[in-house]
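Per TrEMBL, the features are as follows:
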type     : residues                                    : note
ACT_SITE : 64                                          : active site, phosphoserine intermediate
BINDING  : 64, 276, 278, 280                           : Mg(2+) binding site
BINDING  : 370, 371, 372, 454, 455, 456, 457, 458, 463 : substrate binding site
COILED   : 386-413                                     : coiled coil
DOMAIN   : 434-482                                     : domain 'Alpha-D-phosphohexomutase C-terminal'
């Protein structure tokens with residue numbers, strides 16, 4: 001390790017005085033102008049991680065659903081998973097080190113993790129479409145290079161595509177080709193095979209309206225579109241040709257506001273969905289014949305998928321261990337439906353895909369989705385399943401799609417989100433004193449209700465979640481809990497107002 005070269009190059013990516021960042025559930029995120037030093041240092045860290053694991057490691061430059069002026073970075077481990085928790089701590093330590101401490105911190109990490117500094121390193125880099133992303137990704141590559149590592153710059157990618165590239169490279173191509181064409185071929189082939197065996201209510205040619213959040217999803221879906229020449233027509237909205245990234249559009253907007261994105265007109269029963277800025281979230285929605293908006297968020301997607309898989313396993317006589325992993329912020333009615341009707345076990349973890357993913361790996365088939373649209377189904381056993389549709393299954397899917405929607409998810413601005421700490425999978429507030437007691441008293445006022453608060457892992461806000469037996473009650477409970485947070489956790493700006 002050429003410490004002199006590291007010091008020289010680090011000075012070109014100087015850390016702003018007094019800036020402190022935390023590697024959270026989605027890596028680092030803040031205003032783009034504050035991130036140059038972080039990107040350089042994450043290039044260093046990625047090279048160390050690659051040397052330690054003797055594998056390809058990924059670095060994705062994105063801030064996902066955050067505003068366009070923000071940016072961020074997250075590292076991808078060799079099997080396409082989130083960065084190991086112990087290395088998250090190294091990331092935070094390295095990002096916050098003062099210039100004079102950089103050498104010591106790098107040596108400490110190398111010694112603690114027994115990194116062979118003579119080992120080759122290879123890092124793949126991807127970025128979203130933010131104006132700041134290209135320059136910041138170059139800073140990542142500077143960090144990789146100064147530690148003697150090699151890199152491949154994939155340029156513009158969705159976050160799932162970078163995870164795919166990393167996994168392909170570390171499995172010798174057995175999972176797929178580590179190219180965009182390989183990605184498109186693998187996913188489209190699976191989709192086409194699936195729909196060959198699925199009924200579609202008399203509509204043999206499917207159409208889908210896609211809100212791309214003015215982000216990378218539009219570019220990549222347009223590239224992939226011709227692979228779906230059989231059976232699917234997509235119409236893109238908020239494709240980046242006008243409008244700002246994630247502004248009045250995208251999965252987070254649709255879920256939070258319970259309405260379609262700006263610029264998309266919906267007729268009754270048209271199929272619609274929204275990505276977020278880096279296309280690793282998806283939510284579906286439609287208008288019924290009466291013009292009412294219906295959202296199929298991550299909770300409902302998980303319910304539909306797990307119910308569908310449970311039926312398939314019963315039909316083919318396979319006795320596999322299937323489980324659904326949720327967070328405390330999942331729709332309680334989806335949990336009850338899965339456990340009481342479908343008899344599928346449900347497990348709760350802390351918020352963040354990395355926590356759900358880890359738990360889901362314990363099952364033959366693990367299904368996990370956060371309500372915001374992050375998620376997937378994991379198959380630990382290779383099972384060939386003939387997909388069959390029946391009226392009975394369709395009825396179960398319709399029932400799942402009509403689950404209670406009396407949920408509200410708000411956020412409060414506070415002076416310091418870290419003043420709130422939680423326990424019990426983020427379902428109970430430990431600090432500040434008195435907050436949990438206030439929430440408990442408020443919940444007692446409403447039927448079938450519950451409420452939680454937690455500091456956001458991606459934004460400088462505190463999340464407030466409330467659920468009750470009616471939308472009106474859920475709204476009232478959410479507002480009252482928001483007021484309690486504002487009063488006890490140092491709220492700033494205007495006091496929370498009813499509604500959202």
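Each position is counted from 1, following the chain as shown.
Glycine is no exception: its Cβ is also placed from the backbone N, Cα and C atoms.
TrEMBL labels come from automatic prediction, so no person has curated them.
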Minimal Cβ count within 10 Å, across the recorded positions 64, 372, points to 372
I'm checking region-level scores; what's the whole-number mean pLDDT for the coiled coil (386-413)?
44
State the Cα to Cα distance, in Å, between residue 370 (substrate binding site) and residue 64 (active site, phosphoserine intermediate), rounded to an integer.
15
By CA-CA distance, flag whichever of 64, 372, 455, 463 among the recorded positions is nearest to residue 280 (Mg(2+) binding site).
64
Inside 10 Å of the Cβ of residue 370 (substrate binding site), count up the other Cβ atoms and send me the figure.
23
Looking at the recorded positions 64, 276, 278, whose Cα is closest in space to that of residue 372 (substrate binding site)?
276
Top Cα neighbour of residue 278 (Mg(2+) binding site) in the set of recorded positions 64, 455, 463:
64
Extra residues within 8 Å (Cβ to Cβ centroid of 64, 276, 278, 280), Mg(2+):
62, 65, 128, 158, 159, 215, 275, 277, 279, 281
Starting from the Cβ of residue 455 (substrate binding site), draw a 10 Å sphere and report how many other Cβ atoms land inside it.
22
Between 276, 278, 280, which of the binding-site residues has its C-beta surrounded by the fewest other C-beta atoms within 10 Å?
280
Considering only the recorded positions 64, 455, 463, which fall within 10 Å of residue 276 (Mg(2+) binding site) when distances are taken between Cα atoms?
64
All chains considered, the count of other Cβ atoms within 10 Å of the Cβ of residue 463 (substrate binding site) is 22
Distance from the residue listed as 'active site, phosphoserine intermediate' back to residue 463 (substrate binding site), taken between C-alpha atoms, in Å:
17
